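Enquirer: To start, I am sharing the structure in question, which I have written as structure tokens.
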Amino acid sequence: MTYPVKGEHLHKKFKKQIVLDDVSLTLREGEIYGLIGPSGAGKTTLVKILLGLEKADSGNVELFEQKPTLSAFRSLGYMAQSDALYNELSAYQNLEFFASIQGLRGKAKKQRILEVAKNVGLDQDLKKGVAQFSGGMRRRLSLAAALVHEPRLYLLDEPTVGLDPLIRRDIWTLFHFLRSKGATIIVTTHVMDEVSQCDRVGLLSDGHLIAEGSPKELTEQYNVETVEDVFLVKEGAKG
Amino acid sequence: MSNLLAMARRIIHQILRDKRTLALLIIAPLLILTLVWYIFGAKTSEPNLAIINYQNSDLLPAFKASDYQRMSPLEAHQALADKKIDAYVDLKNPVKVHLEGSDPSRNGLAMNKIQKSMQKVQQISITKMQTQLKSVIQNQQKAIQAQQQIMKQMTIAMQQYAPSILIAIQQQAPKPEQPAKMQAPEKVSLDVSYLHGNDSLNTFDAFGPAMVGIFVFLFIFMIGGVSFLRERTTGTLDRLMASPIKNYQIIWGYMIGFGLFVIVQSFILTCYLVYVLKIYNVGSIADVLIIVFILSFSALSLSILLSTAAKNELQMFQFIPLVIVPQVFLSGLFPIDTLPRWVQMIGNLMPIHYSTEALRNIMIRGTGFAGWWLDGLVLIIFSLVFITLNIFTIRASRPLA
């Protein structure tokens, strides 16, 4: 078993505010890991540190069992909380650009773009300008841009926010399909019904990883109905 | 390398699809230059002038009716207050000038014209003096002739009564010399020759080189800065940083992508100036293009650098009064030789200062490579410094790569 992402004893402060306080996290290959917690709990910061977009004040990060390098990014798909698209370009031009900087060329690139567009249900809209896209379409195109180079590891920051339930279900089907092909996925969310679809979840609250395990284990361990209730139990214990 | 090209291609696509930006980049400078051309290239207007108390004045011929309206003192005073005339001249002795005074350039025009007329006034008084002098001389000549007449009669009388004394007197008398003939004074004329340019060189011709620099710099600065700022605010820069692209490829990709439009923009702008507005140019167009091209690279790299200090578009535009406006004033549009040393030092740190110098050398003085290579080199150094700083800035926000 290999560990695509490993973070050990991560600390991060923004000025005086402690965002992450001794967070350790290891992902197993081929799992969907849900990072859940209220807004401001530090989910996005944790993802950015694992990616190497931000530097932790202390602690170690390993990608694919080595210090992160530029070439590690080739096997990594990142989707930020913002859509991170070029509004002036068409959907196709956006995907074409991200595919190019990930090293895809020629026919393979074109084929791959059509494939991911179909995966997220945008194959009819490739020629449209992104500026005309609805919020949901933008979100899906952003996801497609993270998928286009077939990475082994996905870091997806709230990929389904603002999507209607039908599309959300399709996207989760896609995640399961990607996992079946061996990909590892880390997803942040605060939609609780998505939690049950994860293999493991980590509960992040005020910069601490307060609990970790499969949804089933957690509900049994804390003797509650849903994973959401674990937060309440933990908060209650603190108070 | 292919990442670099992908970057550049993306920027080209972005600009091509954004018609407004494209228009701003190419049409806006043409419009503004045309406007400036009309303002500075137009013939200077004639001042409106009047004279009063002219009825009994000898100076009247110096003030032609086509240049000076004839007015009564009351009329003139009112016209001056209504700004219908810029000045009036009181021809009473001594001559007085009354100026409207609120616009220094109109004052200058009026005074210029009046002083020219005053030169004529002096000529008039000189000719008057000459005629007076002539009549004095003529009177004296008449008196001398009358005396000579008397002398002749006396000589005749002497010959009759004392011829020996007469001979003695005639021998002792000095020989009269022929009086020198009066020569007309030679007319003094001014012969003007120009080392550079010619007498048709107007303000716009002198401003033109600076204008080209300012507009190219301004528009590239705005579009380049906002474009890179958006890359950060929309999160696409994060996505780039989570990809295998190298830091220098991001920055140079920008340079190349924008570079293409800069070539097109500077080509159109320069051709428009030289062939349509017919700005004075004795140098080669290729040299002009090279300088404009290098300048826009420094504008682009500076704007990318400053965009890291801005959080949104508004903050980006707040740099314009700070970065562009001082360059306009210190670029060479206005003489800076008399300014305090520290202001001149600031001027030396401004890219447009060098482009103006180089473009003036090329377009007006017609110097070849020798006249602009140093300014060009300074501009290249500016760009390289800004680009290097940009790469370091990106590296700082990408701790792992």
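Quick reminder: no glycine exception, Cβ is built from N, Cα and C everywhere.
Sharing the features that TrEMBL gives for it:
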type	residues	note
TRANSMEM	B:21-40	transmembrane segment
DOMAIN	B:154-397	domain 'ABC transmembrane type-2'
TRANSMEM	B:206-229	transmembrane segment
TRANSMEM	B:250-276	transmembrane segment
TRANSMEM	B:288-307	transmembrane segment
TRANSMEM	B:319-336	transmembrane segment
TRANSMEM	B:370-392	transmembrane segment
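Have a look at these and tell me how they're positioned relative to everything else.
Expert: Among residues of the same chain six or more beyond the transmembrane segment (B:21-40), those with a C-beta under 8 A of the stretch's C-beta atoms are 15, 202-204, 207, 211-212, 215-216, 219-220, 222-223, 261, 264-265, 268-269, 272-273, 277, 279.
Beyond the transmembrane segment (B:370-392), the same-chain residues lying 6 or more positions past its ends with a Cβ under 8 Å from any Cβ of the stretch are 247-248, 251-252, 255, 287, 290-291, 294-295, 297-298, 301-302, 304-305, 308, 351, 354-355, 357-359, 361-362.
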Enquirer: So if I exclude everything within five residues of the ends of the transmembrane segment (B:319-336), which remaining residues of that chain have a CB under 8 angstroms from its CBs? That is, six or more out.
Expert: 207, 209-210, 213-214, 217-218, 221-222, 225, 302, 306, 310, 343-344, 346-347, 350-353, 355-357, 360
Enquirer: At a C-beta cut-off of under 8 Å, are there same-chain residues at least 6 beyond the transmembrane segment (B:206-229) that contact it? List them, or none.
Expert: 11, 14-15, 21, 24-25, 28-29, 32-33, 36, 40, 254, 258, 262, 265-266, 269-270, 273, 277, 279-280, 288, 292, 295-296, 298-300, 302-304, 306-307, 310, 312-313, 316-317, 319-320, 323-324, 327-328, 331-333, 351-352, 355-356, 359-360, 362-364
